[in-house]
Amino acid sequence: MIETIKKNKISFVLILLFLVLCIRVMIKTPGSLTGDGIEYEMQVEAFLNHFSFGITTEDVEKTKADFYNEAELIDTEYYVDVAHHLHEYKGAKYSNHYGMYSALVAPLKILLSPTGCYPIRAFHLTNILLYMSALLVIFFCLKIDETRKLILIILSIVNPAWFYMFWTHTEVYMFAFTVMGLVFYYNRSYARAILFVSIAAMQNLSVLAFAMVIGVQLLIESVGKHIEKNGKFELGNYIKDFVKEVLPCGLCYIPALIPMISTYIRFNTINLVADDAMENKYLFSKAMNYLFDLNLGILPFEPFILLAFFIVALIGLKKNTLRSIINILGVCGILFIIAHQIQINSGMNFIMRYNIWIIQIMIFFVICSWDVTFENQRNALALGIFEGFWTAFMLVMTMSGLWGYSANQFAPWTQAVINKMPALYNPTRGIFYSRAKGIECYYEDYPAVYTNAQGQIRKILLSREAEKLFYSDQWILCDAEGNLIDKTGLKTVSVDGGDYKYINLTGEVYHAFSREIENPVVFAGPDYNLKGFYQQGMARAENDFTWTDGDAVVFKVSNDSPVQNMHCNIDVATIFYQPQHVNVYIDENQVYSGVIESGDQDIEFDFTKPNDDIFEMTLEVPDSVPPSTVIESADTRDLGLGLYSMTISEAEDY
């Protein structure tokens, strides 16, 4: 051990500095629930109370008492909205997600209990310990030269896995056990490699694909050794070698089988998540988006490693054939499994969660195969430095908020591409729906629209049902002067097997929703019909209202009613933080100015309809403010008014 530290001083210092950084950031990071944390919290209590993951009402009440900040969410999850999350069996409820991660958190929760520390820190400390364990396994166990070991440690520290360090979720668990498995795979200790990857697979079945191809390599190499030893392949003698050398390694797959077997016994299926959220279509499209999408893919965060993986794999097919084939098959196998997920744009922190372990497979393959592929180690260090600096830059820019975005927002660089060259970016439908609408979604029977900051349409996504509406007279495209645009001449780009089509636009193109007089626009609730009516400035719908987002809301209104004198009533449900000044313009004419001090007030005004049938209504909300600047919140939306509905009718006395 001492000798290893002496030979790898820089690597050891980096690991220690990383530990200090983790602890410092944890102290400054507020304990908050992320991912499917509620389910893991409840499973921690279940495991401590009766060493199982079946959650009883007693476990729930204890969880609520300990995790008091999440008590209301726990109530909802367990008692009210259990569909697709918890499944009942013999008086207990079982999560979609297996509880091995919760079992690891449980001892830390016990140790923290006497300190009075909020127990969500047990998740954070577990993640730090898992991450550190992975780094130390690389440091002490990986049989590789000091330079490449240093590169691997740098790229494992400066890594998108950091996005999930303080999530109450399993990404760091998956990262850590996958890394341990990779260390022993490249040491040719295949039994240990399979064991650690199988432990990772207890929380996400996709990585089992890599454990399976390790087994294939073990089998191929055992046959090769047998032929080398005996001069030829003799089935009878090989069976003895197989039973002695290969078969015991099969026992190392048992951890991955435990969740599947237990779930099958209880619910007659091997995976509850697969039953709820899988489909067998658009697989290639979704797989490519995992790799190359500008928001959630590997490309924005690890571009040099991604490129190097393909180069090393292709060259390696000749020089390092078996290892290259195994890694290609392993990555493709993982992509094949996760591409079956209906919605690949599900909750995440910048990069898609499943990419965390795919990236590690790529990093290890590139660095550990570099000397064989290129017959020297030159440029391996340069690659590590370039990738390290780039990934560090992306981590800082995104997590600092300078380039921040959520799972339901387009990344700033993606917006730049769509704004300038929309035809270059045509993702699978779930990504666009979720990020254009601001809420997780993978289907819409209404045209999904992306507009730039000026409210000009740059991209429209059409399902087959939405296509019918788009080409009807009800859905209107117009230019800045209100002139109608012929939609039949617009080019389309098909995605996802041709079931969805993009229309890419440049120039001054706007959308005006046709609305009959006295037919209200409802911004929230079961009668919600805001879709496409506003041009810019509205957040996603809440349960009872929709927030304005920004200092102005712009509506394009198409109304060919003969009525000239009109009355508008905007039902305000609430305001954010402070009284909100509001100015309203019809085209460029101001028709209202006032201060809204509570949700009891409405915005009401009369106006004369402009000569054009299509006009613009603008609500200026100059006092809007992001919650993150005035209260303890990560919400960066610019909130002002919470609106419920808007009705335009004939003025009674104008």
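Cβ atoms here come from the backbone N, Cα and C positions, even for glycine.
Automated prediction, rather than curation, is the source of TrEMBL annotations.
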Query - Stated TrEMBL location of transmembrane segment, expressed as one of 172-187, 252-267 - result: 172-187
**Report entry** Top partner of the transmembrane segment (149-166) among 172-187, 298-317, 324-342, 354-374, 381-405 - counted as Cβ pairs under 8 Å
**Finding:** 381-405
Report task. Grab the same-chain neighbours of the transmembrane segment (354-374) for me: Cβ-Cβ under 8 Å, and only residues 6 or more beyond its ends, written as numbers and ranges. Result -> 144, 148, 151-152, 155-156, 159-161, 164, 171, 174-175, 178-179, 182, 185-186, 200, 204, 206-207, 210, 290, 296-298, 301-302, 305-306, 308-309, 312-313, 315-316, 319-320, 323-324, 327, 330-331, 334-335, 338, 380, 383-384
Report task. Answer yes if the transmembrane segment (324-342) and the transmembrane segment (122-142) have at least three CB pairs under 8 Å among residue pairs 6 or more apart in sequence, and no otherwise. Result -> no
